[in-house]
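Record features, source Swiss-Prot:
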type	residues	note
REGION	1-233	region 'Pyrophosphorylase'
BINDING	10-13, Lys24, Gln76, 81-82, 104-106, Gly143, Glu158, Asn173, Asn231, Arg336, Lys354, Tyr369, Asn380	UDP-N-acetyl-alpha-D-glucosamine binding site
BINDING	Asp106, Asn231	Mg(2+) binding site
REGION	234-254	region 'Linker'
REGION	255-463	region 'N-acetyltransferase'
ACT_SITE	His366	active site, proton acceptor
BINDING	Asn389, Tyr390, Ala426, Arg443	acetyl-CoA binding site
Amino acid sequence: MSKKSTFIILAAGEGKRMKSKYSKVVQKIMGKPMILYIIDEIEKNFEDGRIVVVVGNKKEDVYKVLEGRNVRFAYQEKQLGTAHAVMCAMSEISDDSEDVFVLYGDVPFIKADTLKKLSQKRKEEAAALCLLTAIFENPYGYGRIIADENGNVLKIVEERDATEEQRKIKKINPGFYCFEKQELVNVLSKIDNKNSQNEYYLTDAIEILNRSGKKVVKVTVEDNFEVMGINSRYELFVAEQELKLRINKEHLSKGVQIIDIYSTYIHPDAQIGKDTVIYPGTFILGKTSIGEDCVIGPQSYIVDSKIGNNCHILFSVIENSEIKDNVKIGPYAHLRPNSLLEEGVKIGNFVEIKNSKLGKNTKSAHLTYIGDADIGENVNLGCGTIFVNYDGYKKHRTVVENNAFIGCNSNLIAPVKIGENAYVAAGSTITEDVPANALAIARERQTNKEGWVLRRKQMYENR
């Protein structure tokens, strides 16, 4: 049987510096809860990995974000230190695990390649533990790595306990560990809380292992962004700005043109085709996919939507919708959830669409509400058309078949069907089905009252 890995993610902290009623690890970075960055990275790269999340304060927030994910939970009722958190998770470790990784839910950008290097180095050196180190030009506040001439880690000295000479050391401990499972079990039984905080520190494991003749080795991270901890609103801001630029640069390298990488927000899970142009002030969020040769923005907001090739979306909001090729939207249009625009559709300014399908080459140029509708191909919806879908108790659907023409300022009272090639005269309120090829007129006949203005004027002058 192949050996597996267990990943313990510590997420029980109070997060006081974040000043939030929500758990720190569910705070969003580029629209994605930070703990999901770690979960996704593990799931994509460690097929047999078991994930154990240690929760404590505000645990319901973490449960909600991870609902439906293949993770196990361990509960740390009292926060008694990092080693204590790991102790709480030990019952969830798989029996056939060889490597046990300890990670942090508020250090979200660690990469799978770095974790694999920890495992590889530990095995090559037959070590009990391989820990990750980083080199910081300003190491203030971090524990310093004390190593021998062969690079073996002897201990970690915290900032408050370090001598002046030790404080000059720039190699620090960001807190990522890869233990051999049985060695972790053994060392946890030897860690005590005889310190000023009465807590169980996982860093004590290093000296305990060394005293037992066990080997402790290290790997230095190549990109310090991977070990960036996020504890405050400012650190959340800094992390988001850096991640935003990295995401945008990656899209640039793949052939996407981003006019201003500083004012464009692209979710890490979004996909964009080459030769698409993104203008400033645009937000592309969630699992959105955008095809090639599109023009998006400026000032567009797109979330969890699928957009085809050669689409233009200007100053508009798109939510949970699908847009096929060669569609033009905006300015100031709003596609609400479950909308489908087939190829060649044109949607103009101040058009709102909700839970509706528009067939090929259908047009709605301006000032229209389309709710709960099934609209065919080559339909023209005149300015001011309203699909009246709600009777005060429930929603009803409207059907408009191919090649129909809806005149301006018309109301279609659902449920109603407009037949193929039918015309609805401008200003009509339609309450009954319109047959194919028919003209529907539902308005008061015009009456011209000759001389009325002069008579009215004379009446007021004679008062």
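Just so it is clear, glycine is given a Cβ too, placed from its N, Cα and C backbone atoms.
Structure coloured by features recorded in Swiss-Prot.
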| residue | record | DSSP (3 states) |
| --- | --- | --- |
| Gly13 | UDP-N-acetyl-alpha-D-glucosamine binding site | coil |
| Gly81 | UDP-N-acetyl-alpha-D-glucosamine binding site | coil |
| Asp106 | Mg(2+) binding site | coil |
| Glu158 | UDP-N-acetyl-alpha-D-glucosamine binding site | coil |
| Arg336 | UDP-N-acetyl-alpha-D-glucosamine binding site | coil |
| Asn380 | UDP-N-acetyl-alpha-D-glucosamine binding site | strand |
| Asn389 | acetyl-CoA binding site | coil |
| Ala426 | acetyl-CoA binding site | coil |
| Arg443 | acetyl-CoA binding site | coil |
Study note, to complete from the structure: Summed over the region 'Linker' (234-254), the DSSP helix, strand and coil counts are 20 helix, 0 strand, 1 coil
Review point. Over all shown protein chains, what is the count of other CB atoms within 10 A of the CB belonging to Gly81 (UDP-N-acetyl-alpha-D-glucosamine binding site)?
Key: 21
Study note, to complete from the structure: Most Cβ neighbours within 10 Å, among the binding-site residues Leu10, Ala426, goes to Leu10
Exercise for review: Select the closest residue to Gly13 (UDP-N-acetyl-alpha-D-glucosamine binding site) from the following recorded positions, measuring between CA atoms: Asn231, His366, Asn389, Tyr390, Arg443.
Suggested key: Asn231
Check your understanding: Max Cα-Cα distance in Å among Asn389, Tyr390, Ala426, Arg443, the residues listed as binding acetyl-CoA?
Key -> 22
Practice item. Name, in the order they occur in the sequence, the residues of the same chain whose CB lies under 8 A from the CB of Asn389 (acetyl-CoA binding site) and which sit 6 or more residues away. Key: Gly371, Asp372, Ala373, Lys395, His396, Arg397, Thr398, Ala414
Point to revise | For Asn231 (Mg(2+) binding site), the three-state class that DSSP assigns | key: coil
Study note, to complete from the structure: Row Asp106 (Mg(2+) binding site), column other C-beta within 10 angstroms, all chains, value 23
Study note, to complete from the structure: Long-range Cβ list for Glu158 (UDP-N-acetyl-alpha-D-glucosamine binding site), cut-off under 8 Å, min separation 6+ in sequence, same chain only, gives Gly143, Thr203
**Study point:** Sparsest Cβ surroundings (other CB atoms within 10 Å) among the recorded positions Arg336, His366, Arg443
**Key:** Arg443
Study note, to complete from the structure: One should report the C-alpha separation between Ala426 (acetyl-CoA binding site) and Asn380 (UDP-N-acetyl-alpha-D-glucosamine binding site), rounded to whole angstrom, as 12
